[in-house]
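Report on the following structure.
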Amino acid sequence: MVVAMDQRSNVNGHSKEERFDPSAQPPFKIGDIRAAIPKHCWIKSPLRSMSYVARDIFAVLALAVAAVYFDSWFFWPLYWAAQGTLFWAIFVLGHDCGHGSFSDIPLLNTAVGHILHSFILVPYHGWRISHRTHHQNHGHVENDESWVPLPEKLYKNLSHSTRMLRYTVPLPMLAYPLYLWYRSPGKEGSHYNPYSSLFAPSERKLIATSTTCWSIMLATLLYLSFLVGPVTVLKVYGVPYIIFVMWLDAVTYLHHHGHDDKLPWYRGKEWSYLRGGLTTVDRDYGIFNNIHHDIGTHVIHHLFPQIPHYHLVEATKAAKHVLGRYYREPKTSGAIPIHLVESLVASIKKDHYVSDTGDIVFYETDPDLYVYASDKTKIN
């Protein structure tokens, strides 16, 4: 088995570690990584997966009952933060259904995926199919689907107000509902439309089914608004939904951005499934690792999405010696991952676009983006 070893050179009689190039062809194959992962890590347990569903649903219901019972403005902010986090955990379990890592039973995956994702207003099949595109093309400038870098020409054709919306925290952390409707700049289609270019004609019935389930959930929320009042629905469901969206946008962004070292994006002949997957970043979320089902253990997940979430940590440990420096050890978090806020903000402020040309590209910074806004404020 070939292992990615640190390269060293001797300079003036001293051993010196060479600067690592993350865009260099890895000296191992994806089969080498697969062979390093214990066989039991590939085994899916429907019973174990359903136990996580039961755990999360029970917690969601218990929190909602407690919030309504206490109905205190001291308790509501705590409820919003906790419930929004659990909505995000529910999304992750539906995400596993979409990958087939939840179980080997397609009907169970589809049923549970629809129930979980519809509850948090995500069209299951629409998301599943576009997310499949993301995994199949991870790290590809044009073909990837999630937080794709904008080519320079497209970036500079955006209005300044659009750029500011995209690159001013916390606004990008509220983008997911808009993405579901309109996708990203430069891409067309809707996750709700069976005739969208996102989907093949054979997938139209699946999209119609998921959009119908989404519509039923939305209608249920509207009915509850008439029954118990819109303010109650906003407090019990609406605010946690916003927290969930912020979790989703932040975590998915940090999967592919914000590392201390610049990581490559690929085009053309330089892209491969392995090289694209190796640009993914693992993150430590402290006490939230278990709550959101180890979604921060993301490199191995991206390369092998069939592995259940409860085996990802073990699989990653087993594969590290093969990955070598192509695996970037996440910074250890305290109980609350405050350090990731800094990484998120810093990346959004500097990772703006990539070159229109070249098969290996890195993010570049628009030096005038925030200067223009600052000057305009001074004039006003």
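Glycine residues also receive a Cβ, built from the backbone N, Cα and C atoms like all the rest.
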Of 1-25, 251-275, the range TrEMBL labels region 'Disordered': 1-25
DSSP-derived helix, strand and coil totals, residue by residue, for the domain 'Fatty acid desaturase N-terminal' (10-64): 30 helix, 6 strand, 19 coil
